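Accompanying notes for the structure given below.
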Amino acid sequence: MEAKVLDSWVLAEFATPDALVDATRQMREKGFLGMDTYSPYPLHGGSEALGLPPSRVPFIALGGGLTGLVTALAMQTWMNTVDYPLNIGGRPLLSLPAWVPITFELSVLFAAFGIFFGLLGLSRLPQPYHPAFESEEFRSASTHGFWLSVPHPTGQDAADVKNQLTALGATHVTVVSGENA
Amino acid sequence: MTAMERYTGTPKLMVPAFGLGVVGLVLTAVGFFMNPQATSFSYLLGFTYWVGISVAALIMLAIFHTAKAKWLIVLRRAMETMAVAVPIFAVLFLAFIPMMKHLYPWVDGSPLAANIHGIEVEHLAHKKHGYLNLTFFAVRQVIYFAVWIFVSQRLYGWSTKQDDAGGLDLTVKQRRFSPGALPFLALTVTFASFDWMMSLTPLWQSTIFGVYYFAGSFLAAFCVLTVATVNAQGKDLYGSLVTPAHFHNLGKLIFAFTAFWAYIAFSQFLLVWIANIPEEAPWYGLRMFGSWRSMSIALFFLHFVLPFFTLLSRSLKVQPRKLAVVAVYMLLIHAVDLYWLIWPAYSGEAGPTFHWTLITAWVGVGGISVGYALFRARGRYTLPVKDPYIAESLRYVQP
């Protein structure tokens, strides 16, 4: 059996969203990297406090949209002009206006796919297990708690990080370890 | 930072606007005696351009009240000012009295385009006489302007009254009144566009035409709002309170209506193209083939493709100056769009010709209406200072 690599996080719960955002910003300014926030509802200012780079989802969506555009034009031209030419009301076999509705729909569809699957992919979802779930208190993240996770080298003493988080107003601090998928 | 005071109506802006307007209209009047028909079409373009912006601002205002939008409140007075300028267009509309017979083939009851389709078509024209006659036309214009003036003055009156009185009840009044006004506004704009522009070619009809007109007008209204907001910097002006988050929303709305315009324009075209029936097809036939062809294709690229891909950029939308450049461009291309809509009825196969009154009429109507809007804004605050939600609007962030 090969040795498993364990990752660890210091988890800290805060009472209010403002306290969480504030603590996140201050921890980032101290130089902590790879942090993440957890809250029962979308957190205003959360991504700014984490210093996340601009999302790449829009570009995936644009790529999806353009793929849909090309696919639809090529598909219709192939089907209606080349493979099985249909004379509809004496119009030219290559009638672009008639292609437009399908092209529009397929662009929208593929752009939506781009957004949906792009977001899943970038967030590495679905993720049925995460070591943070080892903490029983962490369940409050889906009801009323506002949590911050700070990566921490496994096996080292986390007292310093814990103290810093408590100083920033954390009501509960714990360390979790586990195999990150 | 000093407290916000009432707008004192800088003569720096209002006087030149009125000046340009008067000069433009006088020149247009001269043009009318030289070439009555071309000038009438030019004036129609200038008129529909500016009244469209004013009425679109009014509809948008009613929509925002209906949706109980809070982010917009810092920009709302500017929008109300655009909408409250509507009465001046009722005055400017009187110029159509001598122009009617130069614009609309149905005025003198002559057989409409009988030489194109023959007897069948004359019969159709006869059927339309019940709608397209001068008396009913005049009655409809009175209704349109009555509705627009009533709604705009009412909303503006309540909003400015709140500047002194404060409180929630005036907000409630505006929010209750607006949804009731919307159906009337939508119908009047639709029929106004039928009367003013669609009846230039009396045998042609398209039920979506009204939406086409106000899609373009909405776009132009948001562009005017953007340009005004970028320039409203300085003492007692609201511009400095507007954040990139507000501009982001304006940018998104301009973007959305660029796409909406294209969607509607294509919807109208597709139905006519697919059906291909004799009384509808010539309207597009004229624009699709021959001398108008290149302009129609250019309009598709310049009014849709180019601004669509430009406005995809998020960083552009949060930079007021850059967004204003796009807005000015869209305002110009909106004029081209109306030209494409109106002018073929005048020049026909001769293609996109130019007449100097196109400029003077556009500047004339624009100068007078902008001047009048600024005149109405004098002595008011440039934002609804006592709106209960103004603080929420000021600290608006993108969700």
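Each residue's number is its place along the chain shown, starting with 1.
Keep in mind that glycine also has a Cβ here, set from the backbone N, Cα and C atoms.
According to TrEMBL, the features are:
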- B:12-35: transmembrane segment (TRANSMEM)
- B:47-67: transmembrane segment (TRANSMEM)
- B:79-100: transmembrane segment (TRANSMEM)
- B:131-151: transmembrane segment (TRANSMEM)
- B:181-199: transmembrane segment (TRANSMEM)
- B:211-232: transmembrane segment (TRANSMEM)
- B:253-275: transmembrane segment (TRANSMEM)
- B:295-312: transmembrane segment (TRANSMEM)
- B:324-342: transmembrane segment (TRANSMEM)
- B:354-375: transmembrane segment (TRANSMEM)
Segment-segment contact (the transmembrane segment (B:211-232); the transmembrane segment (B:79-100)) at 3 or more Cβ pairs under 8 Å: yes
Range from B:79-100, B:131-151, B:295-312, B:354-375 with the greatest count of C-beta pairs under 8 A to the transmembrane segment (B:12-35): B:354-375
Whether the transmembrane segment (B:324-342) meets the transmembrane segment (B:47-67): three or more C-beta pairs under 8 angstroms: yes
Tertiary contacts of the transmembrane segment (B:131-151), as residues 6+ beyond its ends and Cβ separation under 8 Å: 54-55, 58, 62, 86-87, 89-90, 93, 100, 104, 106-107, 109, 177, 181, 184-185, 188, 191-192, 195, 199, 202
